[in-house]
Each structure stands twice: as structure tokens, then as C-alpha cells.
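This report refers to the structure that appears directly beneath it.
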Amino acid sequence: MKRIFLLIATNLAVLLVASIVMSILGVNTSTMGGLLVFAAIFGFGGAFISLAISKWMAKKAMGCEVITMPRDGTERWLVETVARQAQQAGIKMPEVAIYQSPEMNAFATGPSKDNSLVAVSTGLLYGMSQDEVEAVLAHEVSHVANGDMVTLTLIQGVVNTFVIFAARVVAGIINNVVSSNDEEGEGLGMFAYMAVVFVLDMLFGILASIIVAYFSRIREYRADEGAARLAGKHKMIAALERLRQGPESTAMPAQMSAFGINGKRSMAEMMMSHPPLEKRIAALQAR
């Protein structure tokens with residue numbers, strides 16, 4: 001109940017702030033043009049703010065310990081491997097971090113190719129062979145080299161804009177229909193209108209999530225291909241086979257999970273940010 005209340009309160013707060021900002025800027029959201037400007041500012045604004053603070057958020061959320069000075073041979077090998085792969089991929093050396101988690105996972109994040117972070121869990125670092133870890137690192141470096149963080153941020157901005165715009169257009173149509181059938185012509189009223197917008201935001205948000213997940217799966221196949229080039233196809237297949245034998249990934253927040261090696265499994269593949277491991281293995285074997 002508290003989670004639902006916070007979700008509703010957050011949504012209403014965003015709408016309130018958005019309305020105030022649009023008023024200050026003199027944008028009339030009652031027109032299609034004004035509404036589109038409103039939707040684009042908040043759709044892309046939120047996505048790019050998340051991208052800008054992605055490294056900071058990842059470090060805080062996952063408790064990442066950035067390796068500034070390797071303490072042992074394992075950490076030294078980890079840093080040297082990422083450095084070599086980054087040079088091969090033509091990108092600036094990412095920060096390398098370890099986070100405490102028994103599950104085998106890793107992720108890459110950061111606002112650009114030259115300002116990124118590659119992090120691995122202790123479960124992966126000490127639960128996989130060195131060849132398998134090397135392949136996972138190559139997968140994450142490939143995400144950075146392919147510019148996946150920026151690409152998915154742009155896609156997220158587009159779908160956010162669609163959700164905000166479409167929800168308010170449909171709510172306006174509903175309000176006009178109610179108003180035309182109302183003798184007093186008052187329409188839905190402010191609170192009913194906001195409730196309709198909230199529900200439509202949720203419904204269109206589900207559709208948007210499906211679109212983003214589709215593009216995320218495509219980027220995963222590309223990162224697997226990049227890893228095969230950097231570390232070797234057989235090493236990447238071995239790493240995916242090891243992940244397939246392990247439990248489902250559960251501990252990573254959604255923002256980091258999108259660029260992790262091991263995604264959450266779902267009955268509905270279209271909602272998954274990662275393709276099933278079986279399909280990823282088959283795609284590599286077919287290369």
C-alpha cells in the first residue's frame with residue numbers, strides 16, 4: 001500500500017513541477033505544440049539526467065569498490081584485462097569495480113565511452129574460470145564501445161515523450177467526450193482528469209517498456225559478438241553456459257541490469273532486457 005501511495009504521490013509531484021516549469025517558460029500545454037514541448041522536455045530530460053548520474057547511482061546502489069590500487073593478483077589481472085580490451089575496442093580505460101554479491105553478474109554504465117564503469121560481482125569473479133570472466137569483461141567493454149548507454153537513453157527519451165504526450169492527448173479526448181455529454185460542460189474535473197492521466201501513463205508505460213526491452217535485446221546480441229571478437233567465441237559461449245547453469249539474476253536494479261551480463265528471466269520474452277541464454281549461445285554458435 002505504501003509503495004502504491006508513493007508511486008501516486010511521485011507522479012502527482014512530477015506533474016505539479018512540470019506544470020510550474022511550463023508556466024514559467026510560458027509554454028501553453030493546452031495546445032498540441034505546447035504539450036509536445038512539455039513531453040519532450042520531461043521525456044528526454046529524465047532519461048539524460050539518469051544517464052549523467054548513472055556511474056554515481058551504480059556505485060551507491062551496488063556498493064561498488066573501485067579498484068584504484070590492486071590489492072592482489074586477481075584484482076591486478078582484472079584491471080589489466082579491462083585495460084587491454086578497452087585498448088582493443090578503441091575506448092578510454094573504464095573504471096573497474098567489484099561489488100559484493102553471491103550471484104554471477106557484471107554490468108557496465110556511464111554517460112559516455114570515455115567516462116564509464118565496468119563492475120563485476122564477487123560471485124562471478126570467484127565462481128567462474130579466468131577465461132569465462134575474461135569473456136564477461138569483454139561483453140561489458142563492448143557495451144561501452146558500442147555506445148549502448150547513450151543509444152538506449154535516446155530510445156528511452158523517445159518512448160518517455162510518447163507516453164507523456166499520448167496519455168494527455170487521450171485524457172483530453174476523454175475529458176471532451178464527458179464534457180459534451182455533461183449538461184454543465186465541466187468535463188472530468190481536475191482530480192478525475194489526473195487519475196485518468198495516471199492510469200494512461202501506466203498503460204502506455206508498459207508498451208514503452210516492451211519497445212525499450214526489444215532494443216535492449218538487440219544490443220545484447222551485439223555485445224556478445226563484440227565479446228567473441230575481443231576474448232574469443234568459445235570463451236563467450238562457455239561463460240553463457242556457466243550462467244545458464246546458475247540461478248536467475250535478482251539482485252541488480254533495473255538500470256544496471258539492462259547492461260548486465262545475466263538478465264532476469266521472464267515468461268514473456270518481450271518484457272526481457274536480455275534474450276534467453278539459449279538463444280544467445282545459439283547465435284554465437286551460428287557465427
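The backbone N, Cα and C atoms fix where each Cβ goes, and this holds for glycine too.
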Among Glu220, Glu241, Glu269, which residue shares the Zn(2+) site with His139, His143 according to Swiss-Prot? Glu220
For His143 (Zn(2+) binding site), what is the tally of other C-beta atoms lying within 10 angstroms of its C-beta? 29
